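To keep things clear, I will list the structure first and then write my remarks on it.
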Amino acid sequence: MSDGPRQRSSTSGSGKDAAGAKESGGGGVALKKEIGLVSACGIIVGNIIGSGIFVSPKGVLENASSVGMALIVWIITGIITAIGALCYAELGVTIPKSGGDYSYVKDIFGGLAGFLRLWIAVLVIYPTNQAVIALTFSNYVLQPLFPTCFPPENGLRLLAAVCLLLLTWVNCSSVRWATRVQDIFTAGKLLALILIIIMGIVQICKGEYYWLEPVNAFEPFQDYDVGLIALSFLQGSFAYGGWNFLNYVTEELVDPYVNLPRAIFISIPLVTFVYVFANIAYVTAMSPQELLASNAVAVTFGEKLLGVMAWIMPISVALSTFGGVNGSLFTSSRLFFAGAREGHLPSLLAMIHVKRCTPIPALLFTCLSTLLMLCTSDMYTLINYVGFINYLFYGVTVAGQIVLRIKQPDMHRPIKISLIWPVIYLIFWAFLLIFSLYSEPVVCGIGLAIMLTGVPVYFLGVYWKKKPQCFDILVDKMTYLGQKLCVVVYPAESRGNSGAADEGEEMTEAKSPLSKEDGDNLKADC
């Protein structure tokens, strides 16, 4: 950990940048603004729609107890997600910094709260999620080669690792390449879902809508239970996870004040529409019992309706998960980049390539942590433990919007929504949070314990500034070596990204282990 929040130094040089580097106000290298509206929508849609809607949308159905109630849950959770995204849109243009909810929580509630959000993300959330998505990709790619048995575990992990390494290379090479990959694979998964919806419409036209008739749709296959319905809302909320990822890359958006809210307003209704109508399509070909018994709903659906073309569905799942890994790598690396820039992670992670303008150290760190997760068999357990914490910080962030309105009422807000929306979101959030604590106190308690392990790390690594000189020298030497190996420097300070200042926490000046002259030499070498 670095000694504390650092000002970006002038190591990026004041002369002419290497080819392809973006000029900032001070003449240094900076993150490129290459994410337009289409790519912004691709990031949101691509991160929300993973493998879940293809593989196991049954989590909502089995707890909702009927088809009709399940569809209501999908619609309501989509509306609540849209409200949460609306709150994030205001925060995103008010505090226009990459890092998403980490940056907002840190600026509003202070360094410790922000660090705990970052700590749980670095330690568990993103490495495990990316590992699981990559394993799902490799499973659907290898399954046709092993039609009578499960693919070998080592083969699955090896292919998942190859997928991660390939996409990390793409993201390190170019922001434009990464966004193009995201656009293409998001379009592919949407086309697959549109195919499912069209087949559902054809089924309805043929009269196959027994489970959509009100009298049958609300016929419970098990007794209705308030606790189970609450759990179905929780499952639905998790299915929409990823709706806030665009806020992680705010500084790379073209015209963020326009494109951030616009992308949110386009993407969330689109995903809600696709989720609801895909589930309608599924029940035109399968009974609730068949749907709950299937381990891969879209594949079973394809086998029933597509005949010899049934192979389209497993390919669609593989493409969807490949795009999901790319989107998660792209956004999570920006979160780690933002954390390092604020002094909450090693300063090397806050540096970008002098020519490509990509955060290569942060991407390599993200990839390495995910590869380590592939080596453990406990990642699914860890996801269960920290899923509660991830949802907890959504509410903390939205509550921060209200706190910021009270503390700084005159702060410039390009978008200013009515406070009724964050209040509605927080009521729904509190309901699900309390139910989670009541139904799974041990799991939630372990998740909180994992998060709180970050408290001593924060005080030792961030708050304690007067560390032994030998430690500082060692860190500087390691940072210098990392800069030489990755050919990276601190990005130039950009204006307008200061956001809400932390109270009682001053930014401290720190020398970069790489001098200005070395930075210029690095550029010349490129």
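Heads up, residue numbers simply count up from 1 along the chain you see.
Cβ from N, Cα, C; glycine included.
According to TrEMBL, the feature region 'Disordered' maps to 1-26 (among others).
If one looks beyond the transmembrane segment (35-55) by at least 6 residues along the same chain, the residues whose Cβ comes under 8 Å of a Cβ in the stretch are 133, 136, 175, 179-180, 182-183, 185-187, 189-190, 192-193, 239-243, 245-246, 249, 252-254, 259-260, 262-264, 266-268, 270-271, 274-275, 278, 295-299, 313, 316-317, 320-321, 323-324, 326-328, 330-331. What TrEMBL records for 35-55 (among others) is transmembrane segment.
The feature transmembrane segment is assigned by TrEMBL to 67-93 (among others).
Residues annotated as transmembrane segment in TrEMBL: 114-138 (among others).
Residues or ranges marked as transmembrane segment in TrEMBL: 158-178 (among others).
For the transmembrane segment (190-212), the residues of the chain that approach it from at least six positions outside its boundaries are 45, 49, 53-54, 67, 274, 277-278, 280-285, 287-288, 298, 301, 305-306, 312-313, 316, 319-320, judged by C-beta separation under 8 angstroms. The transmembrane segment feature in TrEMBL is assigned to 190-212 (among others).
Residues or ranges marked as transmembrane segment by TrEMBL: 224-243 (among others).
Residues or ranges marked as transmembrane segment in TrEMBL: 264-285 (among others).
Residues or ranges marked as transmembrane segment by TrEMBL: 305-325 (among others).
Marked as transmembrane segment by TrEMBL: 360-382 (among others).
The transmembrane segment feature in TrEMBL is assigned to 388-406 (among others).
What TrEMBL records for 418-439 (among others) is transmembrane segment. Through the fold, the transmembrane segment (418-439) approaches residues 80, 83-84, 86-87, 227, 230-231, 233-234, 237, 388, 391-392, 394-395, 398-399, 401-402, 405 of its own chain, all at least 6 residues removed from its boundaries and within a Cβ separation under 8 Å.
Residues annotated as transmembrane segment in TrEMBL: 445-464 (among others).
Among the features that TrEMBL reports, region 'Disordered' is placed at 495-526 (among others).
Look at TrEMBL and you will find 514-526 tagged as compositional bias 'Basic and acidic residues'.
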Open item on the list: Pairs of Cβ atoms less than 8 Å apart decide it: which stretch in 67-93, 224-243, 388-406 has the most with the transmembrane segment (114-138)?
Closed with: 388-406
- [ ] Determine which recorded stretch among 158-178, 264-285, 305-325, 388-406, 445-464 has the most C-beta pairs below 8 angstroms with the transmembrane segment (360-382).
- [x] 158-178
Task: Interface check, the transmembrane segment (388-406) with the transmembrane segment (264-285), three or more C-beta pairs under 8 A - done: no
Task: Residue numbers, six or more beyond the limits of the transmembrane segment (305-325), whose CB comes under 8 Å of its CB atoms - done: 46-47, 49-51, 54-55, 130, 133-134, 136-137, 140-141, 143-144, 163-164, 167, 181-182, 184-186, 188-189, 192, 195, 199, 203, 285, 296, 298-299
Open item on the list: Take the C-beta pairs under 8 A between the transmembrane segment (67-93) and each of 158-178, 224-243, 264-285. Which stretch has the highest count?
Closed with: 264-285
Task: Positions on the same chain near the transmembrane segment (224-243), where near means CB under 8 A and six or more residues out - done: 44, 47-48, 50, 52-53, 57, 59-66, 69-70, 73-74, 76-78, 80-81, 84-85, 88, 264, 267-268, 271, 275, 327, 387, 390-391, 431-432, 435-436, 439
Task: For the transmembrane segment (158-178), sequence-distant contacts whose Cβ falls under 8 Å of one of its Cβ atoms, 6 or more beyond its ends - done: 31-32, 34-35, 130-131, 134-135, 137-138, 141-142, 252, 322, 325-326, 329-330, 333, 353, 356-358, 360, 363-364, 366-367, 370-371, 374
- [ ] State the residues, same chain only, that lie 6 or more residues beyond the ends of the transmembrane segment (264-285) and have a CB under 8 A from a CB inside it; answer 'none' if no residue qualifies.
- [x] 37, 41, 44-45, 48-49, 53, 57, 61, 67, 70-71, 74-75, 78-79, 81-82, 85-86, 88-89, 190, 193-194, 196-197, 199-201, 203-204, 208-209, 211-212, 239-240, 243, 246, 291, 297, 301, 304-305
